[in-house]
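Heads up, the thing below is written out as structure tokens.
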Amino acid sequence: MKALWVLNAGSSSLKFALYPVEPGLADTPALAGQIEAIGSQPRLHARAAAGERFEADVPQPADDDQDAHHQSALDFLLDWMKTHTPRLDLIGVGHRVVHGGAKHSAPLLLDDTLVDALAEFEPLAPLHQPHNLRAVRAVARLMPQLPQVACFDTAFHRSQPPLAQRFALPRALHDEGVRRYGFHGLSYEYIARQLPQAIGAERARGAVIVAHLGNGASMCALRDGQSVASSMGFTAIDGLMMGTRSGSLDPGVLLYLMDRKHMDSAALSRLLYKESGLLGVSGISADMRDLLASPAPEAREAVELFCYRAARELGSLAAAAGGCDALVFTGGIGEHAAAVREGIVTRSAWLGLALDAEANTAHAERIDRAGSPVAIAVVPTNEEWMIARHALDMIGA
Ligand SMILES: Nc1ncnc2c1ncn2[C@@H]1O[C@H](COP(=O)(O)OP(=O)(O)O)[C@@H](O)[C@H]1O
Ligand SMILES: CC(=O)OP(=O)(O)O
Ligand SMILES: [Mg+2]
């Protein structure tokens, strides 16, 4: 079987999928899964198209070194893949690479020079980029002849108008790359392809706001299926409140923390990327499921702040898009947490949004109330398929 591997290395997970490519790219992977909880109790879960399920504990080095944890999860996965897919004719590997900078608006074939260039963006995406590139290097060591393709989370947003990409900072900083990039682009690109089917061709050409609410969360304004603005900026901390990331913050808070608490960039980075968001506000968990199930007032406040911040961002993106013909929910929270969707939509009635409560609790594809002017849809995202599509286009069958 000719096939493509897809690797999506995240902050605490390593997702993978194996897509058959003969005759064309399959809709569903032959095998897909992830190693979750890297750094705490890593476990591999996978599922074959035929329904067979696999689970395995992933050994983890005893020390506290995040890099070592990711490396050992990756080694385990590559070994596991070899033993579970012995008769495979691999034609290439597609990777999610979170940051492609200002230059890269399309997927690229990877080589050593490009990997080194992309490593320059590691400080801008410390939870993702180092792990993305580690996976590229590991595959290159094991199978040096195999073509590898980088698919950038930032690429889809390069269509944004210049104003949407600019901070109100001195021009020289913009010119050296301090600008808004936007992330989750592979997810938004996939959703944009599904829009005609989900909300109708005419609405799909209009102003559509997509909320990708997962562990990392962002929103994107689309016009005619193209990104015109996004809640994430220079880094994936900006915008919405997330599992452990703060989202938008008054920059004066950082000055205060540096001056008065003597926090350096490592301490600030830990605070903003790992200790804030749902985890920081609730003091209980970064996982939306835990918070929705908890009776603690701090958990409820964290969920409410998440919805409030998302509703405010929705208003801002509607301004950027010149309206809101449809709102689309995706990502782990967007696809599964009916209470969060309700919290966001009820705060957005002024935009013409109205929820069909029954359809919402049933996680139906369309959850807007009959006769209301704005479509609301729930569309599962599929970053892995989008990566496979790009990789196959680059490599050729
Ligand atoms: N049934 C559910 N109800 C509420 N939240 C859920 C549910 N399933 C998953 N989630 C939430 O989705 C988030 C993870 O989303 P996901 O898109 O898988 O994240 P990642 O950014 O790691 O790809 C977690 O906060 C998790 O609690
Ligand atoms: C860019 C980003 O935040 O990605 P994730 O949701 O996978 O953490
Ligand atoms: Mg994700």
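Glycine is treated like the rest: Cβ placed from N, Cα and C.
Annotated in TrEMBL:
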type	residues	note
BINDING	Asn8, Glu383	Mg(2+) binding site
BINDING	Lys15, His212, Leu213, Gly214, Asn215, Gly216, Asp287, Met288, Arg289, Gly332, Ile333, Gly334, Glu335, His336	ATP binding site
BINDING	Arg96	substrate binding site
ACT_SITE	Asp153	active site, proton donor/acceptor
SITE	His184	site 'Transition state stabilizer'
SITE	Arg245	site 'Transition state stabilizer'
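Here the features listed in TrEMBL are painted onto the structure.
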residue : record                             : DSSP (3 states)
Lys15   : ATP binding site                   : strand
Arg96   : substrate binding site             : strand
Asp153  : active site, proton donor/acceptor : coil
His184  : site 'Transition state stabilizer' : coil
Leu213  : ATP binding site                   : strand
Arg245  : site 'Transition state stabilizer' : coil
Asp287  : ATP binding site                   : coil
Ile333  : ATP binding site                   : helix
Glu383  : Mg(2+) binding site                : helix
When you look at Lys15, His212, Leu213, Gly214, Asn215, Gly216, Asp287, Met288, Arg289, Gly332, Ile333, Gly334, Glu335, His336, which the record names as binding ATP, what is the longest CA to CA distance in angstrom?
20
What recorded positions in the list Asn8, Arg96, His184, Asn215, Asp287 lie within 10 angstroms of Asp153 (active site, proton donor/acceptor), counting C-alpha atoms?
Arg96, His184
Listed recorded positions: Asn215, Arg245, Asp287, Arg289, Glu335. Which have a CB under 6 angstroms from an atom of ligand 2?
Asn215
Around the residue listed as 'substrate binding site', how many other CB atoms lie within 10 A of its CB?
25
Just going by other Cβ atoms within 10 Å, which of the binding-site residues Asn8, Asn215 has the emptiest spot?
Asn215
List those of the recorded positions Arg96, His184, Asn215, Arg245, Asp287, Glu383 whose Cβ lies under 6 Å from any atom of ligand 1, in sequence order, or write none if there are none.
Asn215, Asp287
When neighbour density is defined as the number of other C-beta atoms within 10 angstroms of a residue's C-beta, which of the recorded positions Lys15, His184, Arg245, Arg289 has the lowest density?
Arg289
